[in-house]
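Taken straight from TrEMBL:
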DOMAIN    34-285  domain 'G-protein coupled receptors family 1 profile'
TRANSMEM  22-43  transmembrane segment
TRANSMEM  55-80  transmembrane segment
TRANSMEM  92-117  transmembrane segment
TRANSMEM  138-166  transmembrane segment
TRANSMEM  186-207  transmembrane segment
TRANSMEM  228-247  transmembrane segment
TRANSMEM  267-287  transmembrane segment
């Protein structure tokens, strides 16, 4: 009787896991298609890749695509308890660690860009230069800031791990690279510092833009209020992205309690803190920004019409 119950439980678990995996694949595929369309639109018009805020937007789109692919692969491996060699796991960790921070750091840069555009319009061209050297420098700075926690973890891991560990096969997760208890505490402290700096940046920008919006009139007031709403959306997106920094620590604690609970928590975290924030980027610039929306609509319709005529001629 006990064996029958356990078999039914395992069968139910596998069916549930399969449904979840299918749902996640559909959502990931949908978001990747939307993001790919937005990235294509970005490269179609000179104005977009010569304007800093659109360049920053493209960085978030590319980062989101990469992090979705990497985390989705790791989620599938987790669901089916598939192992991978530690060498490969380290590469996956580097990508997921760096690019999970690239998006929030870029969002902070986008918030500051809106602050400069609205509160310091005369200095906007100077501070937000789109010269090739300035753009490359901005991208490098974003990636350097995002790489700090990853570098700390990898240095400690390489210094402590034995050579035999690299050839072992394990279920890949960030937690297995924490060989010492101080690593998790140190990384947690860095994340909290990032969280504090980003929160201060968003609140500061919001307060300053709100003051300008109250003092402005006519078209300036409309522009300021739109910038204010953009900062609020950036703040909400940033909050979800920053909460995901604590997901590995939550997952690690839950894994010690129960594996089924770990699967459920990891699934919830993936949907809420990985997928949800990344669907806000298309909303903020793909739909709310008039110039980008018109370009998106134009190129989408052109593509559909071209495919339709090709189909008719064939």
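Placed from the backbone N, Cα and C atoms, the Cβ positions cover glycine too.
Within the chain carrying the transmembrane segment (186-207), a Cβ under 8 angstroms from the stretch's Cβ atoms is held by residues 101, 104, 107-108, 111-112, 114-115, 148-149, 152-153, 178, 228, 231-232, 234-235, 238, 242, 245-246, 249, all 6 or more beyond its ends. Beyond its flanks by at least six residues, the transmembrane segment (92-117) meets 52-53, 56-57, 59-60, 63-64, 66-67, 70-71, 73-74, 84, 123-124, 127-128, 138, 142-143, 145-147, 149-150, 153-154, 172, 174, 177, 194, 197-198, 201-202, 204-205, 208-209, 227, 230-231, 234-235, 237-238, 241-242, 244-245, 277-278 of its own chain at Cβ-Cβ distances under 8 Å.
A contact between the transmembrane segment (228-247) and the transmembrane segment (267-287) is present, since 3 or more of their C-beta pairs, 6 or more residues apart, lie under 8 Å. Predicted-model confidence for the domain 'G-protein coupled receptors family 1 profile' (34-285) is 82, expressed as mean pLDDT.
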